[in-house]
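For A:249-260, the entry in TrEMBL reads compositional bias 'Gly residues'. The compositional bias 'Low complexity' annotation in TrEMBL covers A:261-272. As annotated by TrEMBL, domain 'TPM' applies to A:44-166. The annotation region 'Disordered' is assigned in TrEMBL to A:236-272. If you look up TrEMBL, you'll see A:183-203 marked as transmembrane segment.
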Amino acid sequence: MVKNRLFFKQQLFLTKTAMAFMLVLFVFLPLTGAFAASESRQLIFDNAGLLTEQQQADLQALAVEYGEKRETDYIFLTVDDPEAGDVTRYMEDFYDAYADENTGYENAVLLVLDMYERDVQLASFGEAKTSLEDDRLTMIREQITPDLSSGNYEEAFRHFVKTADKYMGIRPGINPESVIFKLWFQLAVSAGIGGIVVGIMLYNSGGKVTVNSNTYMDPSNSNVVQRRDRFIRETVTKRKKPSNNNNSRGGGFGGGGVTRGGRSYSGSRGKF
Amino acid sequence: MIIHYKCPNCGDDMAFDSESGKLSCHSCGRKDTIEEFDDEFITTTFSQDEAKEYQCENCGAAVITDADTTATSCSFCGAGVVLADRLSGDLAPAMVIPFTISKEEAMAAFTKWCKKGRLTPKGFMTADRVKGITGIYVPFWMYDLNSKADVHAVGTKVRTYTRGDYIYTETKYYDVYRNIDLNYVKVPVDASEKMNDELMDKLEPYNYGSLKDFKTPYLAGYLAEKYNYTDNDLFPRVKAKVQKFIDSYISSTITGYSSVQYKNKHVDTRKRKSFYVLLPVWMVYYDYNKQEHTFAMNGQTGKVVGKPPISSGKVAAWFSAITGGTFVTLKVISLMLGGGLW
């Protein structure tokens with residue numbers, strides 16, 4: 001595992017040198033705004049070589065665009081190395097190294113692919129940890145798994161970024177795919193209420209019946225003469241409590257955790 | 001035998017006055033208390049065929065009436081006349097609720113009701129095409145009923161609780177028995193062939209506090225009908241009417257259960273008493289769009305019933321307004337939860 005860490009350090013060192021070089025360029029360029037650093041921050045780490053350069057550039061641009069909106073880093077990390085070890089630990093170590101290098105806000109959402117084991121790990125750090133908790137990450141993971149399985153990695157990451165952005169806007173504790181957010185449901189409920197109310201208005205347009213069972217009853221001479229409520233028997237059925245662990249679906253397991261650098265996160269992991 | 005009330009003071013025709021509840025003369029203002037009139041015409045029995053044709057006592061013209069009419073106005077001189085032989089013997093009403101709403105008040109109340117119609121066409125709401133408004137004493141049978149109900153049912157109480165890894169559902173079954181004795185008083189059912197049953201049922205309730213012993217002067221100036229159906233003919237209808245009341249009473253006595261399944265429900269309804277009454281109804285005939293619409297108004301409480309014309313445009317407008325409003329509300333809720341607009 002230490003090896004892993006070193007691997008990252010190296011990786012980041014290289015990246016850093018490249019970035020430093022670019023920074024130098026930028027510094028000497030006039031009219032460079034404060035965004036320069038954030039724009040140049042690398043977010044796509046395609047170690048497994050799944051994406052073309054054009055795709056990497058496109059995804060980097062997408063991640064930057066959405067990242068500024070939510071002040072969150074959308075990181076895409078791939079690895080195809082039998083030595084890389086467990087994907088969760090790999091992700092944790094990567095992020096510790098990444099966060100140490102890139103100070104600023106520590107909100108990040110990660111999509112990590114281990115091509116060797118065909119494991120996918122999603123994780124969210126910082127503020128994103130509460131707005132994208134385990135269940136929401138699992139939902140996103142399940143949505144992108146078909147794309148990942150068919151090798152459509154660019155599309156998977158695009159969907160990941162957009163859906164994560166959407167879910168982060170929805171209050172924690174509410175199912176982001178809840179039917180109340182669906183247009184067809186909202187239309188159906190509205191039309192249903194409209195229909196019922198107008199139906200009642202139509203039904204009552206000719207005058208309502210305003211007598212009830214008490215109108216003609218003589219209360220002093222009406223009563224229950226005899227009543228009996230006798231217990232006969234009892235049946236008891238039992239069923240197993242449904243488990244709340246959604247991660248068991250789709251071959252996934254585990255939720256969030258804490259990295260060795262002490263950063264806690266939410267997560268969802270599965271196969272693709 | 002025809003009865004015509006002539007003012008002892010001035011000789012003009014007298015009619016029932018809904019405001020004072022007295023027989024009054026509109027010329028000299030004389031008012032006679034009706035309770036003091038004698039019952040001679042009601043208690044005398046006339047032979048069935050005594051009068052085929054009635055002659056107005058006032059002007060001598062022939063009073064042309066429908067076979068069911070018991071009170072009307074002379075079509076020549078306008079005097080209110082009461083056909084006594086159709087109100088005597090078996091046909092004598094026991095009680096009457098006199099009109100408390102005058103023709104003018106009825107008209108005003110009807111206009112107001114038309115304006116309130118949320119789904120009626122604009123042209124109808126002005127209520128300017130009322131063809132006629134007629135005060136009619138409609139014959140009703142009132143029943144005092146006794147119902148005995150014997151009910152067997154199975155009730156369940158369901159409780160769920162969690163112990164360990166399991167959720168337990170415990171269902172307790174109870175044998176439920178009720179023996180109920182119910183008394184209903186003065187349940188009205190209209191006894192006129194001409195009147196729409198549904199319309200008459202919706203006119204209820206009447207305030208029985210002003211039920212009066214029947215006297216012929218109450219009818220002076222109004223139309224009145226005699227019954228076409230006897231109390232025995234209409235007993236099935238009143239039975240069906242109270243059946244709903246009995247069912248809801250029964251279910252109100254079986255409480256505290258998660259579900260109740262009736263095994264058998266035996267209801268025996270018997271008539272204890274029935275009496276013939278006349279109840280006041282204003283009939284309003286309204287021509288709208290070449291169609292006649294009939295409305296009835298409770299002559300005591302002013303409640304209006306009857307199917308008004310429906311404007312499909314207004315129905316559509318209400319539907320879209322409510323649907324649109326609900327949709328916007330749902331969108332706002334979804335926005336507040338962070339769902340975004342689309």
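Glycine is treated like the rest: Cβ placed from N, Cα and C.
Predicted automatically and left uncurated, TrEMBL annotations should be read as such.
Per-residue pLDDT, averaged over the domain 'TPM' (A:44-166), rounds to 89.
Residue counts for the compositional bias 'Low complexity' (A:261-272) under DSSP, split into helix (H, G, I), strand (E, B) and coil, are 0 helix, 8 strand, 4 coil.
Mapped onto DSSP helix, strand and coil, the domain 'TPM' (A:44-166) counts 71 helix, 24 strand, 28 coil.
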